[in-house]
């Protein structure tokens, strides 16, 4: 996890522009480098480093003697860099996993490079010999990337939008900061002036397609067929493989643990594999909640079962409310459910950074979208529509849960790893018949739970624990976190302001005082950037007026049984 930033064709003094690069310093607290590009005095790279792999030679932009004309700035982890080295006979100059991008590009161009990488990444690759700039982002957008491109060819690229919003440019030509689409790469021509021109934007990964890097994966070909025992076995093998490849780190590994199915499975498999490869420290797990919240109690059970070194972070409503503005600034969104869920994650990340030496943090993000874990999936009209909704959610992860997970951890210099979004695992799960993946017997994620039924990884009551939204599970059963927030905000926003909300904010107008309050804070930090959020996250098929699971009828009946 790092912060990358680059400018091409800047009309302004670069020493002034580089102040913008400092806005993402939290992403890489270990080191910073600012470097001009030889022969292009108005092009430069900025890099904030979190040293996780190759602490000696890991600074960026990465350049190697074999390809002096290539410059690479990337944020992410390439899990198959050693397999690719064996397959193609690459000679690496460093221990940095991202160096493989230079060798792959030299061997077969940008399309093959982006398609065969197994990992999470956002990168800027500059080829001065052929005057090309390439941008690319992983399938689900686990690593963030934003760009600004003006009509006259000034390009700014950054891990977070805040590093681009105040750039100076002599032209008054219209330009906007926007997220770079996951699963895409872009080719741009670099002109002698240092300006660029976009040539093409290409989608190189689709969620459902088996990725090309399967050919050099450590897992052999899996048995085919959709009989239940084969499917369950394949799910276990691929999930374990997803966790195993993410153990690549020279810094201490920890794990978020809410006590829900997803984070509990990640923690249990992670601990099992750490023992197998003799990692000589205990796994630290981290739970957050208010006093006696459901998540804290469940996480405690899981930690006792798997034997982790467990940490509990207890916060009160005042601490949560005080964090709202910092959280919105970090997130760069005004989405209601994202902000609610981010407050707990932001506070637990702050604790991890201050009180422990864990830096690489595992988490259960992506499972709800992939395995139909949201409670509203019980109301899906058909298995086929449920499957379509699952794919839509995965496609939009970079706007919601993946954005939350990245920004709340990166704000405190931590690196998040999300095995449920392993591309080989997700493509297999999405290839299963639609009727196999739907909730059954009133229980969501039924197939995933079944797959681990006989593994003894988790206590049965955790394996079959009903879905609890993270922003609700951290509070008490009596009063949800969203109710606490709403009670506070009700006193902060006047009724008249809400009545005129659509006039003030015509795009995605706030419909509640809570959404108005968040929007005000967002506009204070990012005026005129409301288009970063195309729509609010809301459940389907249930005519919901609030994104919280606790407002749904199915949730109420499930918790009252």
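Heads up, the Cβ atoms here are built off N, Cα and C, so glycines get one too.
Caution: TrEMBL annotation is automatic and unverified by curators.
Model, not experiment: these values are computed from the prediction.
What TrEMBL says about this protein:
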- 2: active site, for GATase activity (ACT_SITE)
- 2-191: domain 'Glutamine amidotransferase type-2' (DOMAIN)
- 97: L-glutamine binding site (BINDING)
- 256, 288, 363, 364: ATP binding site (BINDING)
- 365: site 'Important for beta-aspartyl-AMP intermediate formation' (SITE)
In the chain carrying residue 364 (ATP binding site), residues 6 or more apart in sequence that have Cβ under 8 angstroms from it: 256, 258, 260, 261, 262, 263, 264, 265, 266, 418, 420
Maximum Cα-Cα separation in Å among residues 256, 288, 363, 364, which the record lists as binding ATP: 15
Residue 365 (site 'Important for beta-aspartyl-AMP intermediate formation') to residue 288 (ATP binding site) - Cα separation in whole Å: 16
Same-chain residues at least 6 apart in sequence whose Cβ lies under 8 Å from residue 363 (ATP binding site): 255, 256, 263, 266, 405, 416, 417, 418
Distance from residue 97 (L-glutamine binding site) back to residue 2 (active site, for GATase activity), taken between C-alpha atoms, in Å: 13
Other C-beta atoms that fall within 10 angstroms of the C-beta of residue 2 (active site, for GATase activity): 26
Residue 365 (site 'Important for beta-aspartyl-AMP intermediate formation'): tally of other CB atoms within 10 A of its CB: 27
